[in-house]
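As recorded in Swiss-Prot, the features of this protein are as follows:
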| type | residues | note |
| --- | --- | --- |
| REGION | 1-200 | region 'Necessary for interaction with MDM4' |
| REGION | 71-107 | region 'Disordered' |
| COMPBIAS | 90-100 | compositional bias 'Basic and acidic residues' |
| REGION | 237-264 | region 'Disordered' |
| COMPBIAS | 245-255 | compositional bias 'Low complexity' |
| DOMAIN | 267-599 | domain 'USP' |
| ACT_SITE | Cys276 | active site, nucleophile |
| REGION | 403-503 | region 'Necessary for interaction with MDM4' |
| BINDING | Cys425, Cys428, Cys476, Cys479 | Zn(2+) binding site |
| ACT_SITE | His557 | active site, proton acceptor |
Amino acid sequence: MSQLSSTLKRYTESARYTDAHYAKSGYGAYTPSSYGANLAASLLEKEKLGFKPVPTSSFLTRPRTYGPSSLLDYDRGRPLLRPDITGGGKRAESQTRGTERPLGSGLSGGSGFPYGVTNNCLSYLPINAYDQGVTLTQKLDSQSDLARDFSSLRTSDSYRIDPRNLGRSPMLARTRKELCTLQGLYQTASCPEYLVDYLENYGRKGSASQVPSQAPPSRVPEIISPTYRPIGRYTLWETGKGQAPGPSRSSSPGRDGMNSKSAQGLAGLRNLGNTCFMNSILQCLSNTRELRDYCLQRLYMRDLHHGSNAHTALVEEFAKLIQTIWTSSPNDVVSPSEFKTQIQRYAPRFVGYNQQDAQEFLRFLLDGLHNEVNRVTLRPKSNPENLDHLPDDEKGRQMWRKYLEREDSRIGDLFVGQLKSSLTCTDCGYCSTVFDPFWDLSLPIAKRGYPEVTLMDCMRLFTKEDVLDGDEKPTCCRCRGRKRCIKKFSIQRFPKILVLHLKRFSESRIRTSKLTTFVNFPLRDLDLREFASENTNHAVYNLYAVSNHSGTTMGGHYTAYCRSPGTGEWHTFNDSSVTPMSSSQVRTSDAYLLFYELASPPSRM
């Protein structure tokens, strides 16, 4: 996968995404972290960045007020807890252990490259026909003209350009741009439906000034002329290579005997250009049973806000995408371009075709969905009250109640749990507790000198007692001074869907590296009761999805292993390719995000 530039500077300007509704702090004290802290400010420091001029033409034609501020200093009163960087105080490390990770770094690359726009940046901007040396009318005469154009470029449907030569040959780079343009024209001429869809979205024929080009991919697609079939606002691309346009579908070997019920949810997702991180997470969420039903049964409609300032586009496009996946045949490939448009409006860091981190994408996506279906329309004023006199269990319940007064959605019902952090003074024995909501847990990978560790080893390392001494000494409110303390984490409230992030990304002053340690995790009956802060019998989980990252920190690829909520069978989702797999193949050293669902009591007998 090619290395691309960072998010365009213009989409990280805080003024363009600032909403007064998001600029008010509400629930408790908020300590910024890498996920929710001053995103634009850290990106725009001139000493860190070397931005080149951005074209005046833009996909977003005017400043938007959609979604939260890109500064993300406040998340409508709820902290966006990024588990990879601790907050200002030692108590802020409520969901992670390990070193800080700089913004923009991830397993999918980015840490080894400067921010900015490279010379050959493939941006999400319309391509001007004049700049590309072709015009719409010249290239729509006939398919024979297009064939000659491809021939003059010494290319074919399967031609590949070595990206290593692009920097050495400006003419070759220009040829690649022309190839992308001609590709869109070829599709237009060969598929009348494509032209109709294009004209409906971008203007009638004769008034269009841009070439109907696809969003530039990171490489020349294998299918120059795929079968095109529109469904609603989404596009289904048949997977047959070299097919003639038409309504027929290519058959996949071994699937002819599958009935429609067993085949549901097995559509692939088209890679739009370094979007494997997005496709991997979307397939994992598509196989989350209750979230899938929430979209398929259109239950989200009753939670949408219909005011003049309401933002609902992200959840609507997400639901439509899930509906398309589950109503398509296994031979279909769904293009998530409409969804990508909305997620990059909500989180401008995903504008363009950069390599991104799957966990960061999951955090932004869940937060955006939660905000749009939050049942709380009018948040109460924050009235801090002292709960230290209450027993820990009662204090945890009160803190959870206060959280739900401000943040209450179906998304939160599924993914949000509560973490308990305790500090015990070694001098006087006083113990103070803090309760924080969490969306996932970032687990350090235990290093024991062996090539293999277990998931329970990682959980024990996450919850083990740490001694805070020296410069790390906190202030004891009883001793009224900085004292040596013992810190410990435990889980106060277990979520229905538990997402475990394996911290394979290791930072050092010299370089960034990826840990390839094999983590042995159970597929069934993950018993986490030993990590509960109070006695509970409802803390056993079953695995249903894994987001995998293969490769290095300089470049890699994301895939997903998912168990169908209907059939219980496992499949590999590799962008547009979906293949069956055995449950014995799920455990690999590429596992990055583990999705567990809370087991029902009968399954634990």
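Using the three backbone atoms N, Cα and C, a Cβ is placed for every residue, glycine included.
Per-class residue totals from DSSP over the region 'Necessary for interaction with MDM4' (403-503), listed helix then strand then coil: 20 helix, 47 strand, 34 coil. Separation of the C-alpha atoms of Cys425 (Zn(2+) binding site) and His557 (active site, proton acceptor): 46 Å, rounded to the nearest whole number.
Listed in chain order, the residues near the Zn(2+) site other than Cys425, Cys428, Cys476, Cys479 are Thr426, Asp427, Gly429, Tyr430, Cys477, Arg478, Gly481, Lys483, Cys485, each with its Cβ within 8 Å of the site Cβ centroid. Cys276 (active site, nucleophile) sits 47 Å from Cys476 (Zn(2+) binding site), counting Cα to Cα. The residue listed as 'active site, nucleophile' falls within a helical segment according to DSSP.
Here the Cβ of Cys476 (Zn(2+) binding site) has 21 other Cβ atoms within 10 Å, regardless of which shown protein chain they belong to. In this structure the C-alpha atoms belonging to Cys428 (Zn(2+) binding site) and His557 (active site, proton acceptor) are separated by 52 Å. Cα-Cα distance from Cys476 (Zn(2+) binding site) to the residue listed as 'active site, proton acceptor': 47 Å (rounded to the nearest whole number). The number of other Cβ atoms within 10 Å of the Cβ belonging to Cys479 (Zn(2+) binding site), over all protein chains shown, comes to 12. Annotation: Cys276 carries the greatest number of neighbouring Cβ atoms among the recorded positions Cys276, Cys425, Cys428 [cut-off 10 Å, Cβ to Cβ]. Every protein chain considered, the tally of other Cβ atoms within 10 Å of the Cβ of His557 (active site, proton acceptor) stands at 19.
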